[in-house]
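Some notes on the structure that comes next.
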Amino acid sequence: MPRPVLNKPPLQCEFCSKAFKFPSKLKRHLSDAHDVGVIMCKCTKCNFETKQKDVLTRHVKEVHGEVGYCCPVCYEGREDEGEGGEGGIRVIEGHNGVKGVYKQKKVLVAHLASKHPTEYEKLVTEGHFKGIKPPEELKCPYCNHTTLRAYGLSLHIKRFHEIEVARAGGAKKRKAEEKVVEEEEDNSEEKKKRRKEEKKEKKRKKKEEEKEEKRKMKEEKRKRKEQKKRRKDEKAAGEKMVKEEEDNSEERKKRKKEKKEKKEEEKRKQKEEKRKMKEEKRKRKEQKKRRKDEKARRQVNT
């Protein structure tokens, strides 16, 4: 069966014979191959140019971004490059991958102290590096290797002394186990005594707690009795006052009169509310009737 003939891509490059199905592909080809519509990203600090913005950002960060401190012995750059610092130490822009250039001054001090001690002592005697203490050398416990970083020492031990570490760990473990066994054998009688004492102490504490609980219960009972008595006294005093007030005839008459007036006022309010309810009911009926009449009138007109 013969293959179907495919149509040629509709979009063709003006500068070469390549053709594309999608405009985005053609646009990308023109920018990559023929520099059409490309906006070059230029560095403001040097003559570097690139088509991509992220490449320019990386260039600025690596070449012109962070400053680096140059070692006066190891650095192989130009003598006129960078700014002068203390003790003849130059400061340059960019330090990524450059030999003898360090991000921080304290790292440079550590490098000088370990690799170039004579140069370091000379700079210190001249009064440089004030306030910056060189890190102490860390020595390997298994050989004469020294380093200024704890991470470097741990890497060295893992790389060259793995067997020694394993042996030391096993020996320490065995010693610890033997020590535990000896202590257990020696302290068997002491443990028994201690357990007896602990049991006695627990019983004593338990008795004390029970006594404390009983005391608290008695105290609560006494308080409840006092409260009950106080309430009775207050009630008796209140009843006495009520009787004294009732004995007063004038006050009794006033109270009766006030009660009567209150009742009459309540009756009047009830009547007024009933009247309002009737009035509202009547209004609703009239509205309902009016709506019916209007509806009937509309039907007749239609």
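From the backbone N, Cα and C atoms, a Cβ is placed for every residue, glycine too.
Listed in TrEMBL for this protein:
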type: DOMAIN; residues: 11-34; note: domain 'C2H2-type'
type: REGION; residues: 168-302; note: region 'Disordered'
type: COMPBIAS; residues: 192-206; note: compositional bias 'Basic residues'
type: COMPBIAS; residues: 207-220; note: compositional bias 'Basic and acidic residues'
type: COMPBIAS; residues: 221-232; note: compositional bias 'Basic residues'
type: COMPBIAS; residues: 233-243; note: compositional bias 'Basic and acidic residues'
type: COMPBIAS; residues: 261-280; note: compositional bias 'Basic and acidic residues'
type: COMPBIAS; residues: 281-292; note: compositional bias 'Basic residues'
type: COMPBIAS; residues: 293-302; note: compositional bias 'Basic and acidic residues'
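Counting only same-chain residues 6+ beyond the ends of the compositional bias 'Basic and acidic residues' (207-220), none has a CB under 8 A from a CB of the stretch.
The average pLDDT for the domain 'C2H2-type' (11-34) in the predicted structure is 82. Within its own chain, the compositional bias 'Basic residues' (281-292) has no Cβ neighbours under 8 Å among residues six or more beyond its boundaries. Residue counts for the compositional bias 'Basic residues' (221-232) under DSSP (helix as H, G, I; strand as E, B; rest coil) come to 12 helix, 0 strand, 0 coil. Remark: secondary structure over the region 'Disordered' (168-302) totals 132 helix, 0 strand, 3 coil, with classes taken from DSSP.
Under DSSP, the residues of the domain 'C2H2-type' (11-34) split into helix, strand and coil as follows: 12 helix, 4 strand, 8 coil.
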